[in-house]
Structure formats: structure tokens, C-alpha cells
Amino acid sequence: AIAAVITFLILFTIFGNALVILAVLTSRSLRAPQNLFLVSLAAADILVATLIIPFSLANELLGYWYFRRTWCEVYLALDVLFCTSSIVHLCAISLDRYWAVSRALQYNSKRTPRRIKCVILTVWLIAAAISLPPLIYKGDQGPQPRGRPQCKLNQEAWYILSSSIGSFFAPCLIMILVYLRIYLIAKRSNRRGPRAKGAPREGEPKQPHPLPAGPSALANSPTLASSLAVTGEANGHSEPPGEKERETPEDPGTLTLPPSWPVLPNSGQGQKEGVCGASPEEEEECGSPAVPASPALACSPPLQQPKGSRVLATLRGQVLLGRGVGTAGGQWWRRRAQLTREKRFTFVLAVVIGVFVLCWFPFFFSYSLGAICPQHCKVPHGLF
């Protein structure tokens, strides 16, 4: 029964982590640099499932080390290497999450694939530095006990304490502190709410930001009110008395573009003047007899529309909306959505890391007791 369960876990680990690697490498939405951590972590878990767990299962079922002594030493070194790499990967991911939340602008510009690969290489070097000493320095090895051979971890106190601190306790402490800090940052940002600087209040409609009324004012004037003229008098035109009384009332918040706005060339007819009504035919094309406005306002000339902008038609003309309608609010909401995704991902990782720590803590705690008090703190073999 134990062999069947462990075999299922081995296959499930290999299949699940292979899907993670395949998804990150093939999906465009998952090709963010930080997802390289997941690829490397999944590779470490696959190596554990293929090179470590099967031999551990055989050792437990047989009760002795069936394979060669040399492979035992390599097996123990690889065991420490892959397990330490997995834990340190989780520590690196937690630090990446923290910097992405606390220093979003500065860190996201530096989060390049090359930097992430350098961090991953550092993770593997740390794991190698912890796992290789038993292969290089074997210490004073007494005679092998008679009977069936055993394959056990290094029992020297200096290695037990150093490997336990480097492989588990130090990364675990870092992860707990980092995720506590991320929680405090998320809580503080939720208290601030949407009333951040430059952000629209809840229930307040987003107002479009029309562009100024002339090419020279596009780069200098921030609002439409400073550059648009609401009546024809802004261009030197006057309306006959009584014309204003016959005009159809409009939304006071709607502004029109003056006739001085440059027009687009008509196909095959050259550039028109900025004043409408040069001929009866043109008046019929762009004007409407239902709204008897002055010649300057009877119809608005075609807009020279910048790329990405939109035109809003009104009774008294056309309003050119800016390229980013509600740019400040839109940026704020995009930033808020990004932070929400960061927090959700951080929460998922915190759950995964919490379960991981609970699974590893009993082993490292009992393993460390053998170095602290080898005579009085012996852990039962079955529990270990």
C-alpha cells in the first residue's frame, strides 16, 4: 500500500511539474521573467521525484541500502541539493513578490530575464554549497557495521547544524518576515482605498479629456476649456441678434471646436477653408437646416484626427476626445488591477509555502536535535 501511494505521488509530481514548465514556456501570457522561478522550481521537484524518492522508497521497503556505496554518497548529496534548491527557490520567489509590491516602479524596470536567471543561478550555487561538503570532507569514518549496509545522512554536529540552518531555518525565517511585510503593505493600501492622488472617487463618473482646439495648443494646454471657444465670437465672428434664441439647447458640459481647426483634405478637391458654407453645395453637405446657426457654427469642419483619438458628434459640432480618455483614472485602475493580481498571487504562494514549511519542519527539527543533544534527545526511528 505504501509503495502504491508513493508511486502515485511520484507520477503526480512529475506530471504536474512538467505541465507547469510546458505552460510557462508555451503560453505568451506566462512568459513574464518572474515565472522563470517556477520553471526552475518545477525542475528541482522533478529531479527529486525521479532521482531521490524512488531510492528512498527502496531503502525503506528493504530496510537496507541495496545499491553501491558510491551511489549512496552521491544520492545523499543530490538529496540535499534538490531539497535545498526547492526551499531557497521559494525564498527567492517571496523576495521577488515583496520587491514587486513595495518597489513596483523601480523593481519592475529591473526585473529582466537576465537578472532572474542570475538569481536562479545563485539559488543553485547556495544549494550546492550546502550539499557538497560531505562529498569533499568525509571526516573520521569508523568501520562499517557488520550486516546489511545503511545509507544515512552525515551525523557530524557541525554539518547537521549548518545544513539545517542554510537549507531550512534561515529561508523559512526570511519567508515569514517577507510575507508578513507584504501583508502589512496590502492592508495599508486597502485602508487608503481608491482616493489616491489622481484617482477618481467612487461613484464619480470619469470625464473625457478633449484635446485643445488647435495644433499649437495641443502640447501646451492641459484642458479643453483653455483652448476651445464655445461661441463663434472667439474667431471674430458675430451672430445676428435673435440667432442665439433659435439655437437648440445643448448639454452645458459639451464643448465644440472652433472653425479655425485645420480640416482634412477632401479626396480630389484639395484643402478646404476653415469656414463652412463657401457654396450652397458645401452648406448642404455639412450643415443641417433643422439647426439654423450662424455660418461660422452651422457646421463644424472635418477634424484633423490624431491617431488613437475619437470624435464625439454634437448638435453644434464635433468634439475631439483625447487619445487616453480618462488617462489618469485609467492608469490608476490599471495599477490597482496589477496590485490585485500581485496580492492574489502572493496569497497563493503564502498558502503553498505555509504547507511546505509544515511538511519540512518536523524533519529538520528532529534532525537538528541529533546535534544539539545526541544523548538525551533521541527521536524514535519510526517518527524520524
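Each Cβ is built from the backbone N, Cα and C atoms, and glycine gets one as well.
Because the structure is a prediction, the values reported are computed rather than measured.
Relative to the membrane, GLN34 and ARG97 are listed by Swiss-Prot as lying on one and the same side. Of the cysteines CYS151, CYS172, CYS276, CYS286, only one is given by Swiss-Prot as the disulfide partner of CYS72: CYS151.
Within the chain carrying the transmembrane segment (157-180), a Cβ under 8 angstroms from the stretch's Cβ atoms is held by residues 80, 83-84, 87-88, 90-91, 94-95, 97-98, 126-127, 129-131, 133-134, 346, 350, 353, 357, 360-361, 364, 367-368, 370-372, 374, all 6 or more beyond its ends. Look at the Cβ of each of the recorded sites SER163, SER167 and count the other Cβ atoms within 10 Å; the largest number goes with SER167. Ranked by the number of CB pairs under 8 Å to the transmembrane segment (349-372), the listed stretches 1-25, 37-62, 73-95, 118-140 are led by 73-95. Same-chain neighbours of the topological domain 'Extracellular' (63-72): 55, 147-151, counting only residues six or more beyond its ends whose CB sits under 8 Å from a CB of the stretch.
Mapped onto three states, the DSSP output places CYS151 (disulfide bond) in coil.
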